[in-house]
Amino acid sequence: MGRNGEALKRAFVERARQIGFDTIRIAAPDSIPLAPERLKAWLEAGRHASMDWMADTAERRADPRVLWPDVRSVILLGVNYGPTGDPLATLAKKDRGSISIYARNRDYHDVIKGKLKEVAGFLASRASSDVKVFVDTAPVMEKPLAEAAGLGFQGKHTVIVSREFGNWLFLGAIFTTAELPADEPERNHCGSCRRCLDICPTNAFPAPFQLDARRCISYLTIEHKGHIPEELRPGIGNRIFGCDDCLAVCPWNKFAQASREAKLMQRDDLAALPLADLARLDDPAFRTRFSGTPIKRTGRDRFIRNVLIAIGNSGDAALADEAARLLDDPSPLVRAMAVWAVGRLLPREAIASLGAGRFEREEDADVRVEWSRALGIQEEVAA
Ligand code: B12
Ligand code: SF4
Ligand code: SF4
């Protein structure tokens, strides 16, 4: 490798910084020997929930050399998306929806992919080597690789914590056939702290360093396509898209800095949207409202499902009308959560009057179960 590798690395790092990457480190392709076994155990325990693509790609995901046998160096790049204010401030506003920091502007996949392509092009031409770029979309274990490259350490919440930026970093990876000198790995600096584990509203950590996606609000509100299990709904509070609780409490965020990327800075108009307005979005209005942001990926029905859970958790009877308006929505996902929300906000007689006729007419089994619970009809649940 020698001097050529060092010089190439320096030039690459400089270019990557100019393009907008905040931290750039390099790992050898064989640097995550524990990952295959840990990924396998995670999948076998079912912790990937309905994300079948995690299981389907396990072999390639666990080892960069299986994904691309020619790879000689793995470059990990981080973009800081540090917030400017308290990321949990909106949780106290019960009539508002809380959207996680990462989703309060442009979809980071779009932003980072462009930057990765640009800097990978630079490398390919300088080193006359092949390159492949990855951001979240390919089977790559970005976090263990980032730790091996020394970009940060995987905290007990499983996310990468950087000593420069805290845990507000998006990760991207470039695989290359160029031989570049690898950096030193980072070691864990959690010590006896367990703030992230203790704050989780839905107890999604069965043990430190292990996350059960089936209980994680980020999974439930973004990835999960079906109904959200009843016992987890109260813990979701007003988080309508993603969750930042475990990230926000990490003491290493004292080193965090506000993002320098305009496309990733939080848009104030997305921070705390009135639930009453959101509940009225039809499909075209939803698409227009969230165009270009990660939020549009859930589609209108799943998003309104989340909004209705927040309405049900608001304790605000004034919002019951918004939920009642959705009792006849064409989507069973929406109807079911409309029933749950009115069931949480209104007295028994009001629920009975809303259910009259609707319960009898309802053909969807899951929505009928929600009506049965709301109306207190035990035998129907069992049937
Ligand atoms: C699937 C996924 C999810 C799932 C599952 C999360 C998870 N922890 O696996 C869900 C939907 C829940 C999710 C949520 C979020 N995600 Co996500 N997600 C991914 C994705 C696509 C794959 C992650 C993965 O491989 N999981 C499989 C498990 C097995 O891997 P692991 O988490 O690394 O697990 C390790 C530990 O468990 C460890 N381990 C196990 N036992 C032990 C024991 C000891 C002692 C030790 C030390 C370690 C250890 O070994 C495992 C392998 O190394 C990555 C992108 C990518 N391609 O990597 C983004 C990614 C991890 N997500 C990201 C983000 C930003 C989020 C959210 C913050 C979004 C939000 N605000 O809502 C939350 C954070 C929730 C959390 N606490 O993790 C970023 C994280 C950036 C960073 N700084 O690390 C990534 C890297 C995307 C990106 N390109 O930037 N995500
Ligand atoms: S993102 Fe939220 S729900 Fe998921 S593990 Fe972290 S605190 Fe728990
Ligand atoms: S909150 Fe504490 S335990 Fe969790 S990642 Fe940060 S330092 Fe580690």
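In case you wondered, yes, glycine gets a Cβ from its N, Cα and C as well.
Here TrEMBL flags Arg61, Asp136, Ile160, Leu171, Ser218, Cys243, Asp244 as cob(II)alamin binding site. Per TrEMBL, the feature active site, proton donor maps to Asp136. Annotation source TrEMBL lists domain '4Fe-4S ferredoxin-type' at 181-210. Marked as [4Fe-4S] cluster 1 binding site by TrEMBL: Cys190, Cys193, Cys196, Cys250. Under the heading [4Fe-4S] cluster 2 binding site, TrEMBL lists Cys200, Cys216, Cys243, Cys246. The feature tRNA binding site is assigned by TrEMBL to Lys225.
In three-state terms derived from DSSP, Cys200 ([4Fe-4S] cluster 2 binding site) belongs to neither a helical nor a strand segment and is classed as coil. Among the binding-site residues Arg61, Ile160, Lys225, Asp244, no residue is identified whose Cβ is positioned under 6 Å from ligand 3.
Among the binding-site residues Cys190, Cys196, Cys200, Cys250, no residue has its Cβ under 6 Å from any atom of ligand 1. In the three-state DSSP assignment, the secondary structure recorded for Ile160 (cob(II)alamin binding site) is strand.
Same-chain residues at least 6 positions away in sequence with a Cβ under 8 Å from that of Cys243 (cob(II)alamin binding site) are, in sequence order, Ser100, Pro201, Cys216, Ile217, Ser218, Thr221.
Take the mean position of the Cβ atoms of Cys200, Cys216, Cys243, Cys246, the recorded [4Fe-4S] cluster 2 site; other residues of that chain with a Cβ within 8 Å of it are His157, Cys196, Ile199, Pro201, Thr202, Ala204, Phe205, Leu211, Ile217, Ser218, Asp245.
Proximity to ligand 2 (Cβ under 6 Å from any of its atoms) holds for these binding-site residues out of Cys196, Cys200, Cys216, Cys246: Cys200, Cys216, Cys246. When the binding-site residues Ile160, Cys196, Cys200, Cys216, Cys246 are compared by the number of other C-beta atoms lying within 10 angstroms of their own C-beta, Cys200 comes out lowest. When the alpha carbons of Ile160 (cob(II)alamin binding site) and Cys190 ([4Fe-4S] cluster 1 binding site) are compared, the span between them is 11 angstrom. Cα of Cys193 ([4Fe-4S] cluster 1 binding site) to Cα of Cys200 ([4Fe-4S] cluster 2 binding site): a span of 14 Å. In this structure, the binding-site residues under consideration are Leu171, Cys190, Cys193, Cys250, and the one with the smallest number of other Cβ atoms within 10 Å of its Cβ is Cys193. Across the structure, Cys246 ([4Fe-4S] cluster 2 binding site) and Cys196 ([4Fe-4S] cluster 1 binding site) are spaced 4 Å apart at their Cα atoms. Nearest neighbour of Arg61 (cob(II)alamin binding site) by Cα distance, taken over the binding-site residues Cys190, Cys200, Lys225, Cys250: Lys225. Using a 10 Å radius centred on the Cβ of Asp244 (cob(II)alamin binding site) and all shown protein chains, the other Cβ atoms total 23.
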